[in-house]
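Participant: Take a look at the following structure, please.
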Amino acid sequence: MVEEKGQPSLTEKLEVVNDTAGTSIDPEAEKKLLRKCDVHVLPPLFVLFLLAFLDRTNIGNARIQGLTVDLDMQKSDYNIALFVFFIPYILFEVPSNLVIKRLAPSTWLSLIMVLWVSFVGISTIGMGLIKTFEGLVAMRVLLGLFEAGLFPGCVYLISMYYKRYELQWRLTLFFAASIIAGGFGGLLAFAIAKMDGIAGYGGWRWIFLIEGLLTVVLGVVSKFFIPDWPETARFLTPAERDLLLARLTADTGAATMNRLDKPAFRRILRDPKIYLGTLAYFGIVNTGYAGSFFIPTIVRDMGYTAAAAQVRSIPIFVVATVTAVLAAWASDRLRHRYYFCMLGLAVSSIGYILLLCQTRLSVSVRYFALFLVVPGGYITQPITLVWLSNLVSGHYKRSVSSAMQVGFGNIGGIVASNVFLESEAPTYTTGYAVSLGMLGICAVACTMLFCFVGWENGRRERGERDGRLEEVDSDNLGDDHPGFRLTT
């Protein structure tokens, strides 16, 4: 093939840019830059998500401290209170991430924080003051509405600061806020429940009141530390900003999508990776929510007191945090996602199988099964998020894909809200069986994604996608660029 004089050859255009190896970037300067990003990006977002998850799941701790009795809730009312949270939460994920792309993250997330402090903190405090089940439902709807933009926005923002194989363990550290919230929430609830009777309020009311106040105070403070995009980050010097952008460009190359026009929108909607990644998240998110919503109740139903159940839930989440971070570190080191997803699914599945057989097992074995279910789920859940983020490239593509995955994937939270039936306590056969089945859905989706990625990379290696460089939007292909290699 003859190239026109002065024009780059097709081979040069198709340079594979999955790392910064071979570039002139100073490794020591990179390490210093990464440490600075770790200090300024992760901690404030970790605090926000910790508060969000505490507010979202403390209803599980309040339940065993008398919430359902005091509000005269019927058998399905608790499930309804969980379910209604997800309706506004799911609907507003994608719109929020489109807004954050157009505004500085500090502006949008700070605005969310103002609304969050004004409404979520008040909603959480309000749950401590309500007198009826209908009031509880109203507060949960408000909670879902004003938390909707936080998690996908944070995932999107973090993913824009790191190369693909630096991202997993860092995003898992951020995601660990939700795991820690499970353990810390139990510890906090155990301590707060001792206030039962003070000012005439039950222990469960104090859980909502104090944790809601915590949201208000820390939310106001943390908003001043939220970072912007790498291009405008105030904590970086001009030289550091140039270095950060250079290393990110070396990692993704020409695989950019900085315009959301009709061709770009079609590419996003036609991308099977997004739908498979969303289906995988749908299958695994059920385990995370089920753990947070129901573990205190499950442990209590094993014969422990409410206080003992709160305390005994803590080690489960401690183990989950450690295993999730270790798996994430190994996943980045080995530059692989699929087999780690399957490892977590296998561990969690064994736990569910034990729980389905619990009538023939001792209490200690049933309790041990929870140490398989929750840590296994939390190995896989953050990896599904990062895997899809690794598979897409460009500001808009990553913005929409992360919001779609988190938004529609959280339909799994609706499932988790409705399958652990009070009428089946303490065996919860439907809950465990459905959760096991959803792990199967996640496994199938991950396997299909793994096979598709291998097939697509093969086509790119053989030059079968080179024609895309001749299309009118060749400068806005995102991860459809034939030089971009997909993560397995």
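Keep in mind that glycine also has a Cβ here, set from the backbone N, Cα and C atoms.
Got these off TrEMBL a minute ago, pasting:
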{"type": "COMPBIAS", "residues": "478-488", "note": "compositional bias 'Basic and acidic residues'"}
{"type": "DOMAIN", "residues": "41-458", "note": "domain 'Major facilitator superfamily (MFS) profile'"}
{"type": "REGION", "residues": "463-488", "note": "region 'Disordered'"}
{"type": "TRANSMEM", "residues": "79-100", "note": "transmembrane segment"}
{"type": "TRANSMEM", "residues": "107-130", "note": "transmembrane segment"}
{"type": "TRANSMEM", "residues": "136-159", "note": "transmembrane segment"}
{"type": "TRANSMEM", "residues": "171-192", "note": "transmembrane segment"}
{"type": "TRANSMEM", "residues": "204-226", "note": "transmembrane segment"}
{"type": "TRANSMEM", "residues": "274-299", "note": "transmembrane segment"}
{"type": "TRANSMEM", "residues": "311-331", "note": "transmembrane segment"}
{"type": "TRANSMEM", "residues": "338-355", "note": "transmembrane segment"}
{"type": "TRANSMEM", "residues": "367-388", "note": "transmembrane segment"}
{"type": "TRANSMEM", "residues": "400-420", "note": "transmembrane segment"}
{"type": "TRANSMEM", "residues": "432-455", "note": "transmembrane segment"}
Participant: Answer yes if the transmembrane segment (79-100) and the transmembrane segment (204-226) have at least three CB pairs under 8 Å among residue pairs 6 or more apart in sequence, and no otherwise.
Facilitator: no
Participant: Are the transmembrane segment (367-388) and the transmembrane segment (311-331) near each other by the rule of at least 3 C-beta pairs under 8 angstroms (pairs 6 or more apart)?
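Facilitator: Between the transmembrane segment (367-388) and the transmembrane segment (311-331), which are separate recorded stretches, there is contact, as judged by 3 or more close Cβ pairs.
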Participant: Using DSSP, break the region 'Disordered' (463-488) down into helix, strand and coil residues and give each count.
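Facilitator: The region 'Disordered' (463-488) comes out at 11 helix, 0 strand, 15 coil.
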